[in-house]
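Feature annotations, reproduced from TrEMBL:
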type	residues	note
REGION	1-20	region 'Disordered'
COMPBIAS	1-14	compositional bias 'Polar residues'
TRANSMEM	31-53	transmembrane segment
TRANSMEM	73-92	transmembrane segment
TRANSMEM	159-182	transmembrane segment
TRANSMEM	194-213	transmembrane segment
TRANSMEM	240-261	transmembrane segment
TRANSMEM	282-314	transmembrane segment
Amino acid sequence: MADQTTSPAPSTSAAERPHAPAGSRWRCASVYWAAFGVLCLAVQIWVFARWAADGNFHAYPSGGYEISPARKVITHVTQVLDVTVITALAVLHWRQSRALGRVNLEAALLVGLATTFWTSPYAGSYRFAAGNNRYDLNVVSWGPYLPGWNGEFPAAESFVMQLAFPLFQVWIVIALFLVRLLRRHRQHWSRARTLTAITLAFFVLDPLLTQTYTRLGGFSYPRALPHLTLFEGEWYQTPLSSVFGVIFFYVVPVSAMVLYAKRGQEVHLFQGSLELPRRSQPWVRLLAGVGLMNAATVLFQMLMLGSAAVGYYVETPSWLDRPTW
């Protein structure tokens with residue numbers, strides 16, 4: 001059954017609504033977010049075209065690090081799990097959208113998250129800030145081709161690290177589940193109280209999810225914030241800046257957008273999309289998701305950039321450390 005909570009059905013059909021002047025239809029929130037999404041995609045094409053043209057689409061030579069046989073198996077299992085979860089979410093949201101008759105919020109956000117991996121090197125623009133699994137499938141980093149990047153090189157970008165971006169959809173699905181659950185069982189709660197409860201819940205859920213992925217070898221945070229880092233000093237540590245970033249750049253905006261949507265109207269991200277020509281609607285909705293998730297991810301990377309600048313280095317296993325050639 002389609003999820004009506006996350007993308008409320010309009011109160012009247014498109015045929016029954018009065019049509020706005022053709023020009024004014026395009027001046028709406030969904031189109032503005034979609035335009036930003038197009039801009040983000042254009043930047044990605046520009047970055048990756050230059051990166052590939054310079055012959056960087058290849059892995060670093062293997063070796064130069066130590067990794068146990070068990071860790072190798074875990075890495076392969078993580079790769080399979082990542083692809084399976086992302087594929088399952090994509091199929092689920094596609095079916096929800098088909099049942100709803102239009103692209104739903106979850107589908108747009110998943111597509112958006114799938115386009116955010118280009119930002120991965122930004123957190124390490126000045127210092128080594130994210131450890132990539134060197135045994136994993138990897139390529140030479142595109143960091144030097146990003147505007148404003150001035151990080152350490154050589155560097156690699158691993159497959160499981162990049163899959164972490166669309167996997168943020170798991171956080172969003174849980175958040176929207178909590179929205180529906182609290183709406184159903186705590187109907188007397190105000191929207192602010194509901195949002196606060198979801199936010200507090202994620203101060204527990206996010207560290208659990210992040211720790212799970214880190215310990216599976218998905219990535220590591222090699223810099224610690226003194227007294228503000230979970231498991232400080234361990235290779236699997238999690239700075240609280242990451243927890244705050246995920247909650248306030250992803251979970252809270254999406255949850256608030258759904259909670260504060262007026263009954264019978266679309267969420268902010270999709271406002272005005274159903275007034276557009278029918279052929280344009282799915283593209284605008286998907287591109288709006290691209291715009292929102294790229295904005296969230298750039299903000300997250302900037303927060304982690306600042307966190308790395310003031311944090312201190314913690315020794316990292318060689319299989320998560322920087323390449324030495």
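Numbers here mean position along the shown chain, with the first residue as 1.
Cβ coordinates are placed from backbone N, Cα and C, and glycine is handled just like the others.
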Report summary line: With the cut-off at Cβ under 8 Å and a gap of six or more residues from its ends, the chain residues touching the transmembrane segment (73-92) are 106, 110, 114, 133, 135-137, 159-160, 163, 166-167, 169-170, 173, 216-218
Requested in this report: For the transmembrane segment (159-182), could you work out the same-chain residues 6 or more beyond its ends whose Cβ comes under 8 Å from its Cβ atoms?
Outcome: 3, 5-6, 75, 78-79, 82-83, 85-86, 89, 105-106, 109-110, 113-114, 116-117, 120, 130, 132-133, 136-138, 189, 194, 197-198, 201-202, 205-206, 209, 213, 216-219, 246, 250-251, 254-255, 258-259, 297
